[in-house]
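Trainee: Below: one structure in structure tokens.
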Amino acid sequence: MNPTVIDAALARSFGLAAEEYDRVLAIMGRVPTLTELGIFSVMWSEHCSYKSSRIWLKTLPTTAPWVIHGPGENAGVVDIGEGRAAIFKMESHNHPSFIEPYQGAATGVGGILRDVFTMGARPVANLNALRFGDPSLPVTKRVVDGVVRGIGGYGNCVGVPTVGGETNFHPSYNGNPLVNAMTVGIADQDRIFLSAAAGIGNPVVYVGSKTGRDGIHGATMASAEFGADAEEKRPTVQVGDPFIEKLLIEACLELMATDAIVAIQDMGAAGLTSSSVEMAGKGGVGIELDLDSVPQREAGMSAYEMMLSESQERMLIVLKPGREDMARAIFEKWELDFAVIGRITDSGRIVVKHQGRTEADIELAPLADQAPLYERPWVEPAKPAPLGPVESPLPPGAALLALIGCPDLASRAWIWNQYDGTVGGQTLRRPGQADAAIVRIEGSRRALALTTDCTPRYCVADPETGGAQAVVESWRNITATGATPLAVTDNLNFGNPEKPAIMGQIVAAIRGMGEACRALDYPIVSGNVSLYNETEGTAILPTPAIGGLGVIDDGAAATGIALAPGLDLVLIGETSGELGASLFLREILRREDGAPPALDLAAEKRNGDFVRRQIHAGAIAACHDVSDGGLLVALAEMALAGNTGIALAAIPEGIAPHAFWFGEDQARYVAATADGAALIAEAAAAGIPARPLGRSGGDHLTGPDGIAISLSEIRAAHEAFFARWFA
């Protein structure tokens, strides 16, 4: 076999630009080995280095008195009271999920679970944020089916409930679906494990599954656009085993109950390379690996293959000296591989040995903290033209049926029913029951409120407003349950950052997110960036997905959206009828134009704090924020959840019925209460806009402008899309 020629062309095929390869040559002072080039290519990939976004991410607010660990660790950590901490993060598996939908989605779930339990937390909930292409295309149906089965197959088997998420459709995702997975875990605050290696001479231990050839250069693939050859990249998709993951969780948590661990890191993107480099780099030490000791699933694996493999269900641990036998006994009890594969050194370098040869010897700093950092050219996104007058071709009732049955609003029961949302017995509110999932903290009355949110059509119209709106909708959804929002994890999904227009979207969205987080005291504590989400030059809609976490003192008292008969309905917040970039505009008029609804961050905070106070005071029996589709959609969703009709009140003068019912003005909630007049009076005293909307009861939605629809008709429209699609 001829030896591989190491040159700029090979480096380019690995994802390194010409100037980056020149930088490698300068750092090394020689031509790198194949293994060294592979290590540089994955560590300098967009997926691992954040080289295009890092300077902008640093502008985000990340601290608060309740934040224990912010960005920089495997996941964010926040104080949730009673000596406990919530550990959570969201991460993407976009590119693999188009090539191999089932395994791409499944291993996305597995990877984010490991990010959380590697810090000492028992995972208690999974969520997701999914974006798919045009439903009329056969490929979209194939991807949706595979992704949903993959999420359910992995999460159900590993025993962690999938409790919430969101799903949108748009042609921009035709060749590039987004699969963003979020995991939340709970740990004792004094038992949190970090990834910084320490202790010269300490053993470095490999645990979990054996290493195979799956996933090699997965991080590089996730840092490039798709072309017409996407199907040929199937070997770069990892293969997961949720049963092994379950054993790995239990074995790691058992070891964590001892005092044996110095540092621990999962082998995620870039596998053994990223885990070893990050652990040693964070600790300011060196690391030496002997690949002869790595458990291997396939014969004849090279050092290059072992270092870049992304085989799943693997962890790297630095142990205290003398604890190897005790740790080995734990992992062998759980029928997992355990091997001492290296040691910590004082060299500040990563040294990789295999079959008596040194295959890599690289200074760590250029691989991690001193990796390339770019301030790419960008242009400020143009503000959209004003929408102008909009007429409706349909009366409100017919428009409601069309909207509530459209792919973006149709019932997700077909999806939810494939997920086990109650395994573990702590889920108090599932999808469709409340604006956020509610998961009880074991051994406590307290509970977590969890949600994922983003409105991509706002983000493409105005990335700054869209980025901010994703944050505030997350905050509203948590607030509507009565919980206090604490912190955010994000997943920034964009196109090619080398294009100034796309880079401008990234900059503007991050700016908007930061403004909203500061206004709401809602810091970002972890996250992920997924760029190059383009297929043959066409980018996805900018999609800065937000995962929100809050806490409520009594989870059983969390407010849902289901109406009971005999309640007054009150609208909290101002309505002017903003239809720009709305779902009504897209689905009814087939238009995607106009500015998204304006944001008033002070009003968001004021209105939300008022709603939360009233929930705590027992004045609100059900609550729903107003978002996609506007007010009439929110009311219909509440009616369906409680199987109770509504007699709607007259609308205010001076606003068109379709604008009132379907405008997507922000900072609004529908509150159901036993005494509407009293709630409106409380709002007036607090300077909060509020108006009566009607009263619950019966089995129809009735009101002005000819609205008279039975709940059965609304339900049939709402449930038809997925049932028909997958019949």
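Any Cβ shown, glycine's included, is placed from N, Cα and C.
Per Swiss-Prot, the feature active site maps to His47; the stated evidence is sequence analysis. Sequence annotations record features per position, and here Swiss-Prot assigns ATP binding site to Tyr50, Lys89, Asp490, Gly527 based on sequence analysis. Annotation comment: Swiss-Prot describes Glu91, Asn528 as Mg(2+) 1 binding site, evidence class sequence analysis. Look at Swiss-Prot and you will find Ser92, His93, Asn94, His95, Arg114, Gln238, Glu310, Ser311, Gln312, Ser530 tagged as substrate binding site, backed by sequence analysis. What Swiss-Prot records for His93 is active site, proton acceptor, and it gives sequence analysis as the kind of evidence. Under the heading Mg(2+) 2 binding site, Swiss-Prot lists Asp115, Asp266.
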Trainee: Can you name the binding-site residues among Glu91, Arg114, Asp490, Gly527 whose CA is within 10 A of the CA of Asp266 (Mg(2+) 2 binding site)?
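Mentor: Within 10 Å of Asp266 (Mg(2+) 2 binding site): Arg114.
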Trainee: Of the binding-site residues Tyr50, Asp115, Asp490, Gly527, Asn528, which one has its Cα closest to the Cα of Ser92 (substrate binding site)?
Mentor: Asn528
Trainee: Taking the residues the record says bind substrate (Ser92, His93, Asn94, His95, Arg114, Gln238, Glu310, Ser311, Gln312, Ser530), how far apart in Å are the two Cα atoms that sit farthest from each other?
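Mentor: In whole numbers, the farthest two Cα atoms are 20 Å apart.
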Trainee: Quick check for the class: what is the C-alpha distance, in angstrom and rounded, between Glu91 (Mg(2+) 1 binding site) and Gln312 (substrate binding site)?
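Mentor: Cα-Cα, rounded: 15 Å.
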Trainee: For His47 (active site), what is the tally of other C-beta atoms lying within 10 angstroms of its C-beta?
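Mentor: Excluding its own Cβ, His47 (active site) sees 27 Cβ atoms within 10 Å.
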Trainee: Which recorded positions are spatial neighbours of Lys89 (ATP binding site) here, meaning Cα within 10 Å, out of His47, Asp115, Glu310, Gln312, Asn528?
Mentor: Asp115, Asn528
Trainee: Can you tell me how far the Cα of Gly527 (ATP binding site) sits from the Cα of Asp115 (Mg(2+) 2 binding site), in Å?
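Mentor: Between the Cα atoms of Gly527 (ATP binding site) and Asp115 (Mg(2+) 2 binding site), the distance comes to 11 Å.
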Trainee: What does DSSP assign Tyr50 (ATP binding site), in three states?
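Mentor: Coil, per DSSP.
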Trainee: Around the recorded ATP site, report the further residues of that chain (criterion: Cβ within 8 Å of the mean position of the Cβ atoms of Tyr50, Lys89, Asp490, Gly527; site residues excluded), sequence-ordered.
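Mentor: For the ATP site, the extra neighbours are Leu57, Pro71, Met90, Glu91, Thr489, Asn491, Leu492, Ile524, Ser526, Asn528, Val529.
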Trainee: If I take the Cα of Asn94 (substrate binding site) as reference, which of the binding-site residues Tyr50, Asp115, Asn528 has the closest Cα?
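Mentor: It is Asn528, whose Cα lies nearest.
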